Amino acid sequence: MSTAMPGAFSPPRGLADLPLCPVYSRLGRPFHQPVAATSLPEPRMVHFNAALAGELGFGPEAGPQLLEILAGNRPWPGYASSASVYAGHQFGAWVPQLGDGRALLIAEVRTPARERVELQLKGAGPTPYSRGLDGRAVLRSSIREYLASEAMHALGVPTTRCLSLVASPQPVARETVESAAVVCRAAASFVRFGQFEYFAGRGQTEPMARLADHVIAEHFPHLQGHPERHAAWLGEVIERTARLIAQWQLLGFCHGVMNTDNFSVLGLTLDYGPFGFMDRFRWYHVCNHSDYEGRYAYRAQPEVGRWNCERLLQAVSPLLADAPGRAAEIGQDLLRRYASVYHRAVMRGWADKLGLREVRETDAGLIDEFLGLLQRGRGDFTRSFRLLGRIRTDSDAPARGVREAFADINAFDAWVADYRTRLRSEQNVDDEARAGRMNRVNPKYVLRNHLAQIAIDKAMLGDYSEVARLAELLRRPYDEQPDMEAYAAEPPDYMRNIEVSCSS
């Protein structure tokens with residue numbers, strides 16, 4: 001039965017008082033078009049993010065009227081929803097027009113912390129950019145996106161957030177018939193590389209400049225008076241992207257669809273589709289079963305990030321200089337930042353994961369040797385790094401309870417000898433303090449694919465308890481949480497290294 005309230009609609013208490021801040025919406029055409037959401041029959045709240053709701057400035061519970069808004073059955077009070085247009089390179093191939101095919105911007109609000117946040121419904125029905133598709137999302141993929149975005153936030157990775165997950169019995173045809181769902185995503189901005197590519201592909205410099213100036217004014221205000229503001233802004237976008245992908249690598253996270261239309265100009269992890277946290281470490285791990293050539297494999301991600309930044313620079317080159325040759329020179333100078341920023345970020349991150357206070361160039365060999373051990377022995381990425389915190393420098397005894405996790409124990413013991421030597425080379429070695437530091441960067445819990453699948457299977461039967469359990473667990477990924485030990489275990493063999501479909 002629908003939860004729609006009879007008679008006149010009044011906003012949920014507190015929602016009407018939440019100040020709207022319609023900045024992006026005022027850009028109007030050609031950036032986006034007004035689109036109303038398609039009603040979702042019999043909506044049910046699967047999970048509501050009370051913590052994020054508090055940050056946004058309204059209550060910790062979603063009553064029936066708020067549910068209607070988050071299902072797309074009622075508009076946000078005082079705001080007209082819209083869908084944005086963009087283009088992009090998908091698996092390296094240029095696509096001149098894409099766009100929000102099932103996502104609608106439903107509000108821009110000012111939080112109590114004076115931050116502007118955009119709210120977007122994903123799965124809200126068809127838009128002018130749906131390319132003949134139904135504009136819906138399915139429960140399976142929506143659970144994954146909801147849990148992943150909040151898990152990544154708790155891990156300290158820049159990301160879009162999710163406020164709510166709403167399900168419906170409405171059937172949706174994908175590879176099989178599934179049920180519909182809608183997630184409400186939150187971010188400071190959903191502007192993507194592909195929006196600039198769209199206008200570049202049409203030779204429309206004026207709207208591209210307007211969009212760039214909007215992004216700078218709203219999200220990089222310190223650059224507004226800069227004499228070369230567009231170049232300075234692009235430099236910061238490149239650096240944010242490099243640091244973001246370094247964080248992905250350090251967590252064993254594979255995005256799965258690193259198309260330019262899925263890259264945020266704010267350096268946020270955007271669009272959780274066939275993503276995955278690696279179980280057993282493989283340099284060329286591919287999480288998307290549609291990625292036949294491994295374009296977006298784990299090892300390829302840093303270079304893909306650089307390539308995507310190059311496409312952005314190519315698109316906005318008219319904003320850098322009037323002369324194409326000079327614009328290209330500026331772009332190449334900016335692009336060189338990517339490799340150096342990525343290298344510094346990833347080396348600092350690996351050092352932190354090994355408990356090293358200093359970063360030395362010779363540490364690259366130690367890191368590569370450890371990753372080689374994982375690759376050859378099919379070691380679990382997350383669990384192996386967490387176990388390293390147990391190794392002590394005050395003894396040369398075998399690292400019992402750790403070495404057993406490695407297939408080649410002799411090779412591991414040899415590596416540990418080198419590792420202990422490196423740890424002891426730093427002054428004032430304190431094993432307890434080091435273990436504490438390591439446990440703050442090596443998570444115990446990540447959203448493994450098999451855990452998400454268990455929650456999905458239960459939710460499809462109407463049991464949302466596992467979604468709630470995972471949402472709570474993943475809020476504290478670095479804590480021991482002894483009662484949840486089973487969630488840190490490696491997956492059973494039949495659920496290892498699941499590759500996920502793009503179908504969502």
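Using the three backbone atoms N, Cα and C, a Cβ is placed for every residue, glycine included.
Quick caveat, the model's predicted, so the values are computed rather than measured.
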Given Swiss-Prot annotates Gly99, Gly101, Arg102, Lys122, Asp134, Gly135, Arg192, Asp271 as ATP-binding, which of Arg116, Arg185 belongs to that site as well?
Arg185
One finds that other Cβ atoms within 10 Å of the Cβ of Asp271 (ATP binding site) number exactly 24
How big is the ATP site in terms of the longest C-alpha to C-alpha distance among Gly99, Gly101, Arg102, Lys122, Asp134, Gly135, Arg185, Arg192, Asp271, in angstrom?
23
If you rank the binding-site residues Arg102, Arg185 by how many other Cβ atoms lie within 10 Å of their Cβ, the lowest count goes to Arg102
